[in-house]
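Now, the feature entries from TrEMBL:
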DOMAIN    11-329  domain 'Adenosine deaminase'
BINDING   H16, H18, H196, D277  Zn(2+) binding site
ACT_SITE  E199  active site, proton donor
SITE      H220  site 'Important for catalytic activity'
BINDING   D278  substrate binding site
Amino acid sequence: MTMRAFIAGLPKAELHLHIEGSLEPELMFALARRNNIAIPFDSVEAVRAAYSFTRLQDFLDIYYQGANVLIHSQDFHDLAAAYFDRVAQDGVVHAEIMFDPQTHTARGIAFDTVISGLLSAMEEAEAKHGITSRLIMSFLRHLDEDDAFATLEMARPWLDRIEAVGLDSSELGHPPEKFARVFAAARALGLKSVAHAGEEGPPAYVVQALDLLAIDRLDHGNRSLEDAALTARLARTAMTLTVCPLSNLKLCVVDTMDDHPIDRMLREGLRATINSDDPAYFGGYVADNYIAAAEARGLSKDDLVRLARNSFLGSFLPDDVVADHLTRLDAYAAMPQPVA
Ligand SMILES: Nc1ncnc2[nH]cnc12
Ligand SMILES: [Zn+2]
């Protein structure tokens with residue numbers, strides 16, 4: 001069995017996926033046509049050619065523009081259904097999916113339209129592929145605290161269908177402290193929390209996310225490694241890091257995949273996981289991310305199993321369900337399968 005086949009069959013959870021970032025150019029064109037929306041590209045090839053970024057903001061500009069084709073509940077359903085159909089081939093058995101309501105409500109799309117489409121696709125994916133999933137509602141950090149509070153208010157009727165809040169978009173200049181009050185309010189409503197920190201922002205932003213947002217999981221976190229005390233704290237507290245190797249490469253968080261710190265994170269005792277972030281924009285779904293990291297950094301079979309194990313340990317699933325996933329993972333890992 002090749003390493004690729006081993007990775008594709010490895011049971012795993014995806015913990016860092018922006019559903020709007022799974023909008024493939026083909027579906028973007030189909031939805032643009034269906035909804036009569038003009039897009040500034042003549043072909044799927046032209047869209048893909050535009051996906052060349054030197055920093056996070058270059059990507060965000062094009063990513064928010066792409067989301068303009070999403071209008072109806074069916075569109076959000078089709079978007080999520082395409083993601084599940086694709087990752088069913090990647091060994092994904094559970095996904096914790098971020099969505100950005102403000103990207104849509106700012107365009108006049110109702111919160112209910114967005115979430116109802118996503119939820120119907122999530123139910124369908126469980127029946128069709130056996131993939132379970134949870135929703136994470138992310139606040140856009142370039143917008144202000146009031147806008148985040150207004151979004152939390154819109155989410156109230158849906159709180160039993162939302163697992164956690166998150167924090168994404170332009171990191172530099174928008175530190176976690178800006179959202180301390182809204183995260184406290186979300187926690188008081190029973191929601192868990194995650195935040196992007198240390199992707200482009202300094203280690204101090206990660207410390208703020210821990211101390212001021214009381215996050216349950218850290219999205220990216222790469223730059224934590226610049227601070228030995230912070231790295232030790234993350235290891236000691238078994239904080240899960242949702243690392244996204246192809247995203248890091250495309251957004252120039254690392255210069256080459258050979259420089260990626262995924263193996264260093266494991267060596268430092270961090271609970272690192274591998275995820276795709278925005279697979280339609282960064283050139284690969286979750287298994288592609290495992291493969292790229294494994295090839296560049298020479299990850300062993302044990303490292304790959306550790307990463308998959310971490311994905312279940314870092315999930316928001318109940319302990320007994322996590323234990324079942326780990327039993328199946330161990331059985332898979334124990335099967336004779338030389339990694340070529
Ligand atoms: N990698 C990323 N960082 C910040 N915000 C995002 N939104 C979607 N992907 C993101
Ligand atoms: Zn992200």
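Yeah, the Cβs are placed from backbone N, Cα and C, and that goes for glycine too.
TrEMBL entries are annotated by machine, without manual review.
Overlay of TrEMBL annotations on the structure.
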| residue | record | contacts (Cβ under 8 Å, 6+ apart) |
| --- | --- | --- |
| H16 | Zn(2+) binding site | M98, D219, H220, T242, V243, C244, T273, N275, S276, D277 |
| H18 | Zn(2+) binding site | Y63, M98, F99, D100, S138, D168, D277, D278 |
| H196 | Zn(2+) binding site | R141, G166, L167, D168, E171, D219, H220 |
| E199 | active site, proton donor | L56, E171, D219, H220, G221, N222, R223, L251, V253 |
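Most Cβ neighbours within 10 Å, among the binding-site residues D277, D278: D277 holds that distinction in the structure as shown.
Among the recorded positions H220, D277, D278, the residues whose Cβ lies under 6 Å from any atom of ligand 2 are, in sequence order, D277. Following the DSSP three-state reduction, the secondary structure of H16 (Zn(2+) binding site) is strand. For ligand 1, the neighbouring recorded positions among H18, H220, D278 are H18, D278, by Cβ distance under 6 Å.
Confidence for the domain 'Adenosine deaminase' (11-329), expressed as mean pLDDT, is 98. Around the Cβ of H220 (site 'Important for catalytic activity'), a 10 Å sphere holds 27 further Cβ atoms from the protein chains shown.
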